[in-house]
Structure formats: structure tokens, C-alpha cells
Amino acid sequence: MKRLLILSLLLEAVCGNENFVGHQVLRISAADEAQVQKVKELEDLEHLQLDFWRDAARAGIPIDVRVPFPSIQSVKAFLEYHGISYEIMIEDVQLLLDEEKQQMSAFQARALSTDSFNYATYHTLDEIYEFMDLLVAEHPQLVSKIQIGNTFEGRPIHVLKFSTGGTNRPAIWIDTGIHSREWVTQASGVWFAKKITKDYGQDPTFTAVLDNMDIFLEIVTNPDGFAYTHKTNRMWRKTRSHTQGSLCVGVDPNRNWDAGFGMAGASSNPCSETYRGKFPNSEVEVKSIVDFVTSHGNIKAFISIHSYSQLLLYPYGYTSEPAPDQAELDQLAKSAVTALTSLHGTKFKYGSIIDTIYQASGSTIDWTYSQGIKYSFTFELRDTGLRGFLLPASQIIPTAEETWLALLTIMDHTVKHPY
């Protein structure tokens, strides 16, 4: 096994798989606004090739950044010179990637049913799409697969529809993996899909949800980016579209929505991880959802699932003005977080995007809320930075289990509070 792993790593190196040997993830603690601004100066130095996992927002909020090996000494010297404290969260990113790849290689057997599918490992795009087909074949009266569009690179964008019948019923939308490197979200989405088929008719609360509403689940919301994380660059976040006049690829699909687009909280630089794109809905992955939601016209809850930081967020992100339904959203978020914590003790914070983390313009749930979808939420799943986007596969099922309890709380509330 060890020889095979070494051989596979060598082959990937030859084929252009990006290497992260010696890269470190630093947690920076800015004591005041002046130090936050100094960290932002670092962010603007493109030659350092820094990858901010948690942005420099305001004092008191941790800033996590992946630093390439050639830039480590410069970054640490800069921070120390300005009296900015930091700690090393991940000593060598590549070591964690090697562990992740070895774990995946050990569980590559092709599943013949969704019962034998391994929910405790990470899967490729093809494997997830095969899982979707298996689920539809096993539960044709409950599950169907619809294609809402094609990606920039021509891949189909699939959504699972769970329904007990009827036309244009009120519906709940859940998406995972809009940021491609957040692998625990796509893995959780797969688990949710199976959970829906298992719990319908068994769990009275969930059965009541599906008896009254359809559920749409988009497990891989950014297929091009997700495929790229498996084949080339595990740390890829954005779409894979091309921007005229720039060699940099991709747009942040969570800054591309028509809600506060172009305001502070997104970047106009195509090389930035938070590049918003040239205009709202420029990304077909975003436009496909916009068109679907608009044409459906009866979506009552919209939940977009990210990682990491252990947060449950509601609008707004682009403005500090409270959402008209803030009191209800805040109380519902509190109830959902309480349910989540009850299973494994995982602590979540909750609140509006702008008050809880930072200003973010052009975000998914700000747009859905502007379309009249009252129950618009974003999750940030495990963890709080110890492993970040490289969450061990052993945490997939516990993460999905606890998140399901929060989702069920939101779905149950949505059914019981029609509008």
C-alpha cells in the first residue's frame, strides 16, 4: 500500500497536481483596527500568493491564511515587526493532503447500492453523480434528478428533487459545495440525500415536512471547481470561468449574486479568492440557480452550506441594516443551533453575516432573501480552524448528523409558519 501511494503521488506530480509541501496555515490575531489594516496590506501583495481561509475582517476575529513555503519567513517577519501575534495551525499542508488521499485510496470500491456506499470518506464528482443515480433508481417514487444547467466547462448541473407528489408545491432548497474546496459540505450533502429517503415514513417530524413541501438538494453546486480540487489543486475555491484581460481563472460564486453586488465585501481583482465577476450572475453555476428559483416561484426556505467556522448565518451580508424578519430569523437560528449542539456538543455561533463575521456583498442568501424567501440561511460547518478545509474524513458523518438536526429545525419551522 505504501509503495502504491508513493507511486500515485509521483504520477500526480508529473501530471501537474499542485504541491503544498512546506505550506503553513497561520492564525493571525489582530489586536486592533490598525493591525487589521496591516494584515490587509499583506493580502494585497500578490507575489506572496497568500490564501486567506478566514479574511481579515475586524479586530478580535481570527484570520487564517495559508502561506506558501517561499513566503513564510517574509510573512512572519512582517507580522513580528508590526507586533501582530500569530500561531501555526497547520505545520505542513501537504502532509494532511497525503493523509486525505491515502484514506480515499483505501475506500475506492465502487458501491452497488446507496446502502453499501461509504459515507465516511470523500468522493469524486463522478462518484457523487453515480450515487445520485443509484438513489433515484432505488426510490423512483420519491426522488428524481433534474438538470438545471451546464457549467462553464460543460458539465451537467444536477439537483435531486424529493417529492411525495403534486405540482409546484412549496419547496425547500439546500445546496452544498458552492466553494469547491469545502469537501465536508458535498460529503454532508450526500449523507443528507440518503437520510431523506431513510427518514421519510419513519421520522414523524420529517415525514410531515416532505408531505407538505418538496426538497431540492444540489450536492455539488460548483462541479468544475470540485473536479479541479480532485485533479489539480485541492485548495481551489472559485469557479473555472475565464476573465477577459486576465490570466487568473474563476469567480467567487458566493460574491456573484445580484444583492449589493459591487459593494465592499468582494473584490474587483480577478486574482482574488473573493473576485465578484464582471457583473451579477455572470457565472452559469449561479445563473442556473437564479433561473430555477425565479421560475419555480414557491421556494420558502433556502439553505446554502459552507465550511468552516461553525456558524449559522442569516441576511444581511452587504449592509448593516437589519433584515425585516431579523427577530424571527435570529430565534430560529438559536433553536437550530441548540438542536445541532445537542448531539455531539459542537458549539456554533449565529447571527447576521455582517455582524457575525464580516461584510460580504453579492452573497447567495442576500439575493434569495431579496426575492422574498424569508427563511434564508448559510451554514459554516466544522471546524473552527484546527484542520479548516482539510477536515478528516472521520468527521464527515458526525458533521452531517448534527447539521441535519439544525436543518430539520428550520424545515419544520418553515412548514409550520407558512407565508
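Cβ coordinates come from backbone N, Cα and C, glycine included.
Mapped onto three states, the DSSP output places Glu380 (active site, proton donor/acceptor) in strand. The feature active site, proton donor/acceptor is assigned by Swiss-Prot to Glu380, with sequence analysis given as support.
Summarising the annotation, Swiss-Prot assigns Zn(2+) binding site to His179, Glu182, His306 and lists sequence analysis as the type of evidence. Here the Cβ of His179 (Zn(2+) binding site) has 25 other Cβ atoms within 10 Å, regardless of which shown protein chain they belong to.
Residues annotated as disulfide bond in Swiss-Prot, with similarity to another entry given as evidence: Cys248-Cys271. There are 13 other CB atoms within 10 A of the CB of Cys248 (disulfide bond), with all protein chains counted. Annotation note: Cys248 (disulfide bond) sits in a coil segment as assigned by DSSP.
Taken from Swiss-Prot, the feature domain 'Peptidase M14' applies to 121-414.
In space, His179 is the closest of the recorded positions His179, Glu182, His306, Glu380 to Cys248 (disulfide bond), judged by Cα positions. Each residue in Gly177, Ile178, Ser180, Arg181, Thr185, Arg237, Asn254, Ile305, Ser307, Glu380, Phe389 lies on the same chain as His179, Glu182, His306 and has a C-beta within 8 Å of the C-beta centroid of that Zn(2+) site, without being one of the site residues. Around Cys271 (disulfide bond), the C-beta neighbours below 8 angstroms that are at least 6 residues distant in the chain are Glu46, Ser246, Cys248. When other Cβ atoms within 10 Å of the Cβ of Glu182 (Zn(2+) binding site) are tallied across all protein chains shown, the result is 25.
Spatially close to His306 (Zn(2+) binding site) yet at least six residues away along the chain are Ile178, His179, Glu182, Thr185, Asn254, Thr378, Phe379, Glu380, Leu381, judged by Cβ distances under 8 angstroms. The Cβ of Glu380 (active site, proton donor/acceptor) has 21 other Cβ atoms within 10 Å, all protein chains considered.
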